[in-house]
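Below is one structure; the comments refer to it alone.
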Amino acid sequence: MTKLTRRALLGTMGATAAAAALPAMPAFAADRTIRHYWWGNPERDKRTFAVIDTFQKKNVGIAVSGETIGWGDYWTKMATQTAGRNMADLVQMDYRFLFEYVNRGALKPLDEFVGKSLMIADFDKGPLDGGKVDGKLYALNIGSNSQVMVHNTRAFQEAGIDADLINWTWDDFAKACEKITAKSGGKMKGSDDLSLMIETFESWVRQNGREFYSPDGKVTATAGDVTSWWQMWADLRKAGVVRDKNKTVILDPPIAESGIAVGDTAMSHYWSNQLVGIQAVAKDKIGAAMVPHKAGGKPGQFIKPSMFLSLSRDAKDTAAAIAYMNAWVNDPEITGILGLERGIPCSPKIRAALAPKLTEVEKLSVDYFTAIQSKVGPLPVPAPKGAGEVRDAFMRIGTDVVLGKVEVAKAASTFIEDAQAIIERAQ
Amino acid sequence: MKRFFARNAPAYVFLLPWLIGFFLLALGPILASLYLSFTRYDMVSAPRWIGWGNYEYMFTRDRRFWKALEVTFTYVALAVPARLIMALGVAMLLDKGLRTIGLYRAIFYLPSLLGASIAIAILWRQLFAADGVVNQVLAMVGIQGASWITDPDTSLYTLVVLAMWQFGSPMLIFLAGLRGIPRDLYEAAEIDGTPGWRQFTRITLPLLAPVIFFNLVLQTIDSFKTFSSAFIISNGTGAPADSLLFYTVYLFNEAFKFFRMGYASALAWFLLVIIATFTAIAFFTSKYWVHYENERD
Amino acid sequence: MKTSATELELAIQMDEAARVAHQLRLKRDRQDRNGRILKHIFLIIVSCVMLYPLFWLLASSFKPENEIFGSLTLWPSEFQFENYTKGWYALPISFTVFYVNSAIVTGLSVIGNLVSCSFAAYAFARLNFNGRSFFFALMMMTLMIPYHVVLIPQYVQFLNLGWVDTYLPLVVPRFLASDAFFIFLMVQFFRQLPRELDEAAMIDGCSPFKIYWAIILPLSLPAMGTAAIFSLIWVWEDFLAPLIYLNDIKSYTVPLALRLFLDQEGQSAYGQMFAMSVLSLVPVVIFFVLFQKLIVRGIATSGMK
């Protein structure tokens, strides 16, 4: 049997029949194996597996097993593997979950490798610090993003909106909503109703000069903040310039169901690394605006890491894992494959290398990113354990407000009380 | 001793695969979850014993626990009878004399094939939206429908409709049961001039009783444990406003979203007690209405 | 004459009676036919309601991405056949591999379920032994416990056995009658069969295995067919266990692969996902059509008693 036929056989059989009884074997023998686990989509998976191939070619002797699943199922599997002490060596992390995992001791700090095998000295400090908890680096930023009011450029043009979309205020925003709704005869509303978006609400609180959580993990947002937020949207709903309430109460809908994708509204709230995905489903050309500012208020919006790569507690061959991690953010070939798909890289060198090859939407996100640099506030302190549950409570209680089943002020104080109780119980 | 062996040996040989599976694979995890229900366990650090703490919190301080019970009980009370009546009715229609029965049977089973997929979630949201197909049909007969799926007062009923629409499995089981009823009984009744409904109460119901019993027990257990449809349609949260907060959805979120596996285990064991009570009642009363061929004496 | 008059009257009466009887029969036939037509009309209407979602899924699988959510009309504005052709190869591994994987897992699981569950069911339904109610209650209990809380202990258990990232956790339990649903289903059907059958066979010197194999199983074809169909469908569509136990994408099953299309937070490919969902139904529907014959054939045999 020649080598070629044997390999061909392995290629077709190995994946299927052999896998029935045997543990999945890497494609070729390697002395060291690391596992990389991420949430993805077809596009991201393709790029990531290409990265793995490239890395393996350059590092003979290290095999990388790529494991992927969609966002919705990712965390269930992650929790199970964590409980079984069988986490992948490298796991993709989200800002929302980072602290839950770090605080429980599931991740290893990276500080001892920095400057030795992990070269990140010339990276932007701000985005890099987003992976720090209690002064230790637990997660390597593999892309940054910020909030963005995605808007329909055609609708904006037709309605003659000339506001400065980086510096605009909530008043400008309300006027724009009115104009767009009037221009389209009510067919297209000005904006999605953001009542239930705790991420935007967080900016609102910061514009009022407070943080949502204090450094010692207490809820510092006030019932007044909540009331004013929900009241503003209630007024816009009453004026009929934002999306129908029955669409608003569908929580975390897929991008394809958002107002801007469907064509119900001219604005939706998203994260800047999602622009490519939104343009893929939106009929008109999209643009990027900042979350409106409070006239005379503090900066509310902030730049945060969109995705991290973390070293898990169960990692055995840390040297191989760190080598892979380092290649991810430094190897020009690998970063070229990754592009901006996971967010804006925090290495200026890599950004410069990517710049000439950007698509139109990618350029939009880079330009937006550059424009907001001086307009954003500092990264908020890490959220305490239980923040995820607070988010759910915000949406749950807010639903009754949106549907008009409960008075705004009463719901607001209920939420603050619940949030405090949740945080207290989670500690 | 020898007689004891002779009496039991064949049965235990047949039972062997199940015994191995139960004692080696199933029992351990079940007992482990019972133990965890008395601990605080976040799945990362080791579990910490807290006695009855979880159960105490559940009954005295957890409002959402009671909400989940309410949602689940309402659903069970509506969905189980609705689905069973649907399944039995259609099965009986199909059982008698239609040549195209195979086609219908396949058609009626198709919705159950779609299960609780993401497609169903998207479809259900579109069907029962304010401007959805359901309201368009209602408008034809002059009824102005609500926004069924996003209104906390009506959203649960859309899941009951889903349960009714996916009546395929109990229907198939009923059909298999109806096939087991000897045809000559009906022929004899026909000759005696027994009217149709009496054939139903005198022949069909008693002879189908074991299968009806099976479907009743199983559907009740399944409905108490309803997870996928509610989880997927509410995007995993039980929204709008907890109106789809099924017990298992709550349990899942407590475990995997909020890292309270200990508490979730306590929730699970309480659900087990509820289901076991209902099943025990069903088994106890079955003596009076389910008769088996081989236990007539 | 008188007699002939009476005879005539009688003849007329008989003729009348025959006519009435004939009319009655006609009426009944007509009613029967009307009844059948009514039944068909009713069933066709129900069928449309039942099939609407499938049409919707089919239509969506041909739609361009932004039409799936935006438009309420069923008919796609343009047919995108590439959802199918591209979807098949959209993931790093082609769907051919996922289908083979699913076929292996499902095939083994169905066999395991039918054999092991019918064994257990035969013991519970037809044999007397000490501890029967106790074990039956234990078996029922495994049906009642919410799966999510045993997930983690089970995962740890299979991890210790070294079975994670293989098909063993998905297949082996099925050979050990892990799915109590099927045991209970078969028990209910086995119990319906007349006791005389076993007694007669026992007197003829048949072993319990012979009775199981030659009497109980052949008489329970509708039940076994039903169990086979359910078992195939459920294993084919099973998602949670493959999610937890399979790591390597090369070993993924079809439902797991379908989940790779969606990203709540980013780019999803709904059109391709729907196209692949439609295809994933094909094997199940074929199996259903083939196996439902078994349920029908059951009439002849079980009608025999």
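Backbone N, Cα and C atoms are what each Cβ position is placed from, and that goes for glycine too.
As the structure is a computational prediction, the values presented were derived from the model and not from experiment.
The feature transmembrane segment is assigned by TrEMBL to B:12-38, B:73-94, B:106-124, B:156-178, B:199-218, B:230-252, B:264-284. Residues or ranges marked as domain 'ABC transmembrane type-1' in TrEMBL: B:69-282.
The stretch from B:73-94, B:106-124, B:156-178, B:199-218 with the most CB pairs below 8 A to the transmembrane segment (B:230-252) is B:106-124. For the transmembrane segment (B:106-124), the residues of the chain that approach it from at least six positions outside its boundaries are 90, 94, 149, 158, 162, 165-169, 171-172, 228-229, 231-233, 235, judged by C-beta separation under 8 angstroms. The listed stretches are B:12-38, B:73-94, B:199-218; of these, B:73-94 has the most Cβ pairs under 8 Å to the transmembrane segment (B:156-178). Outside the transmembrane segment (B:199-218) by six or more residues, the chain places 80, 84, 87-88, 92, 170, 173-174, 176-178, 180-181, 185-186, 189-190, 279, 282-283, 286, 289-292 with a CB less than 8 A from a CB of the stretch.
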